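According to Swiss-Prot, the features are:
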BINDING   Arg21, Glu85, Lys124, Lys456  (6S)-5-formyl-5,6,7,8-tetrahydrofolate binding site
BINDING   Asn230, Ser249, Ile251, Thr254  K(+) binding site
BINDING   Ser234, Thr255  Mg(2+) binding site
DOMAIN    220-379  domain 'TrmE-type G'
Amino acid sequence: MNDTIAAVSTSSGAGAIGIIRMSGPEALTISSSFLFSKNKFLSPSEILPRTAIQCVFQIGDRKIDQILFFYFKSPNSYTGEDLCEFHFHGNPILLREALDAIFRAGARPAKQGEFSRRAFLNEKLDLTEVEAIGRLISARSRFELELAQKNVFGEVTRFTSNLRSQLISLKAECEAEIDFSTEDLTYESLEERKTRIENVKSLCQTLISKSSSAEKLIQQFRIVLYGEPNTGKSSLMNVLLGKERSIISEIPGTTRDYISEEIFLEGIPVRLVDTAGVRETTDHIEKLGIERSEKEFQSADVRLFLVDVSKKENWKEFINKSRERLEGSILIANKIDILNSSWDRNLFSDVKDLIVLEISCKTKEGISNLLDAIKERTGKLGHSEDYVLLEERQRYHFETIVRCLDKTLHLLKEGAPAEIYIQEINYALAEIGEVNGKVDTEEVLGRIFSKFCVGK
């Protein structure tokens with residue numbers, strides 16, 4: 001890291017501002033050769049750290065742009081090195097010209113993620129925080145963004161620090177027992193030691209479970225609207241989307257294939273699927289649509305089974321015919337605004353794991369209850385503070401820690417001496433080092449930073 005790197009750190013294309021970032025031992029010297037103010041180029045000694053300098057970026061005698069310049073002196077910068085930022089007007093041609101001049105002056109083009117790599121190597125960030133920055137940049141929903149923010153501010157770092165502290169304490173107790181076995185000292189009982197290990201293992205398992213739930217939410221739940229023609233599936237689709245997406249018609253069979261759209265529930269992306277109405281038909285195209293409806297319904301995370309409550313008469317026959325599909329679904333009794341006679345929702349009391357709701361797509365009655373039921377049915381929609389997000393690499397290491405602790409417990413129960421099972425504790429500690437990058441992780445670093453943009 002003895003050289004100086006530079007890159008555009010804002011997104012490509014025109015914009016109000018375009019930023020060039022430069023980091024390394026020659027960053028300030030190179031920068032000063034372009035900063036023109038009060039009829040002269042600024043010397044490095046005139047440039048104060050953490051101060052906004054309004055000046056002209058000038059190449060020789062050619063003025064390029066009015067800019068703001070910032071200098072962050074090592075080690076108090078993002079990378080831990082001398083770091084400079086040029087804030088231009090965001091024209092890509094202008095930025096390219098300025099960057100080429102910076103390269104000619106002695107900087108080299110930064111590689112993907114090289115600024116963050118230097119921050120990691122200079123211990124400004126640990127590996128989990130670096131990965132969180134990548135997730136922060138690419139987050140597709142508010143939920144994912146909030147989870148990434150938690151990790152940027154050290155959620156996983158604090159967890160691994162606590163985990164490491166507990167395992168080191170456990171290891172110290174075991175080593176004392178080994179080294180001073182002939183001394184008249186009192187140590188914790190085997191049961192107490194087992195309990196401590198179980199507690200640490202439980203912490204890891206809870207973390208993994210929370211991450212799995214979060215990942216499921218990020219990858220999108222599929223909510224499928226299913227039922228006979230003209231039960232209001234397309235109308236409900238439009239109501240939930242807040243726009244006219246599905247074609248609505250009184251003619252049965254209007255929807256021939258499924259239609260899907262993304263909606264957000266409490267900042268969490270959800271895929272909403274409107275399917276073709278299910279009925280007996282001789283139309284080949286409609287049959288194909290119905291087959292797809294069945295497949296979508298069976299693979300759904302949340303199944304909304306719609307019925308037109310104003311027309312349905314033989315409820316017992318309907319229940320007997322549809323029982324298998326009703327189990328685990330949300331039955332939506334639609335069109336209650338035109339219901340002429342009462343209906344008995346208790347008819348469904350013996351259908352396993354069924355929620356029954358009454359709504360009107362026309363008046364919007366019951367829609368808020370439906371949204372609540374969807375959240376209840378998933379059992380996972382909630383606030384980001386209830387979750388933590390692990391990258392796949394991190395999750396692998398935490399799962400390995402659990403296996404090490406399982407083996408430790410097994411050895412304890414078998415009566416193995418501390419000299420044997422302490423090795424498993426050492427393995428678990430090594431895995432913690434892999435999580436936050438406190439070991440030699442060159443290959444891992446290459447994979448992580450290859451996903452970053454050049455200016456990061």
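Glycine is treated like the rest: Cβ placed from N, Cα and C.
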Rounded Cα-Cα span from Asn230 (K(+) binding site) to Arg21 ((6S)-5-formyl-5,6,7,8-tetrahydrofolate binding site), Å: 59
CB contacts for Glu85 ((6S)-5-formyl-5,6,7,8-tetrahydrofolate binding site) [other CB atoms within 10 A, all chains]: 20
Three-state secondary structure, which DSSP defines for Lys124 ((6S)-5-formyl-5,6,7,8-tetrahydrofolate binding site): coil
Cβ atoms near Lys124 ((6S)-5-formyl-5,6,7,8-tetrahydrofolate binding site) (within 10 Å, other residues, all chains): 18
Ser234 (Mg(2+) binding site) to Glu85 ((6S)-5-formyl-5,6,7,8-tetrahydrofolate binding site) - Cα separation in whole Å: 52
Per-region confidence, the domain 'TrmE-type G' (220-379) (mean pLDDT, whole number): 78
Pairwise CA distance, Asn230 (K(+) binding site) versus Lys124 ((6S)-5-formyl-5,6,7,8-tetrahydrofolate binding site), rounded so that it is a whole Å: 60
